[in-house]
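Chemist: Pulled from TrEMBL, these are the listed features:
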type     : residues               : note
BINDING  : CYS113, HIS156, HIS160 : Fe cation binding site
ACT_SITE : GLU157                 : active site
Amino acid sequence: MITMDNIIREGHPTLRRSADLVTFPLSAEDRKIAAEMMEFLSNSQDEEIAEQLNLRAGVGLAAPQIDVSKRIVALLIPGEYEDDPPELAKVMFNPKIVSHSIESACLKGGEGCLSVDREVPGFVVRHSRITVAYQDAEGVTHKARYKGYTAIVVQHEIDHLNGVMFYDHINEQAPFAVTDDVIIIE
Ligand code: FHF
Ligand code: ZN
């Protein structure tokens, strides 16, 4: 089971590496990693389990964050209201942004990261809409479009596969300065 002890923190070199492509058919090891990543997110969003295990709630997890330098991402984005089905519940292998909007967007409250134990204030400017190609556990390639909050989370996760941290996108001189064409997501 993955707990916070398995999550590496900023300063660890794996977080700055470009992760390796996953090969198919998936190894038993890679299948287990994917299942455990999804289990972590589910546990982290369960109030009781999260309290017992001292988990920080997460909506996404990239394999490099558990010191596995492979292109695997787990996403568990809750629905709008309690008891709604998740907005997105998926493990992606070898995800890649194949096209994106010209328009940019950022979360009003900035971003955090399970691998960063401090607040880093500022707008993390990203693509407003993205098309992602990825493989599922069977190696089948899919193409999906995301917008809004979901698009932001997916970009945060794909960044981890490329050694990029969310604060790399914050304007150091003016963390909350954006041009007026940037959509600010509440
Ligand atoms: C999170 N947590 O999941 C953040 C961190 C924008 O690479 O957003 O570091 F659990 C992955 C509802 C709303 C339920 C918010 C992408 C952030 C990705 C994980 N929590 C939440 C929730 C959350 C990171 N990460 C603050 C831990
Ligand atoms: Zn992160």
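Each Cβ is built from the backbone N, Cα and C atoms, and glycine gets one as well.
Automatic, uncurated: that is what TrEMBL annotation is.
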Chemist: What is the number of other Cβ atoms found within 10 Å of the Cβ of HIS160 (Fe cation binding site)?
Modeler: 24
Chemist: Which of the three DSSP-derived classes (helix, strand, coil) applies to CYS113 (Fe cation binding site)?
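Modeler: The three-state answer is strand.
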Chemist: How many Å lie between the Cα of CYS113 (Fe cation binding site) and the Cα of the residue listed as 'active site'?
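Modeler: With distance taken Cα to Cα, the residue listed as 'active site' is 10 Å from CYS113 (Fe cation binding site).
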Chemist: Given the recorded Fe cation site (CYS113, HIS156, HIS160), which additional residues of the same chain have their Cβ within 8 Å of the Cβ centre, ordered by sequence?
Modeler: GLY60, ALA62, GLN65, GLU111, LEU114, SER115, GLU157, ASP159, MET165, PHE166
Chemist: What count of other C-beta atoms do you get within 10 angstroms of the C-beta of HIS156 (Fe cation binding site), across all chains shown?
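Modeler: Here the count is 23.
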Chemist: Taking 10 A as the limit, how many CB atoms besides its own sit near the CB of GLU157 (active site)?
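Modeler: That number is 22.
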Chemist: Taking 10 A as the limit, how many CB atoms besides its own sit near the CB of CYS113 (Fe cation binding site)?
Modeler: 23
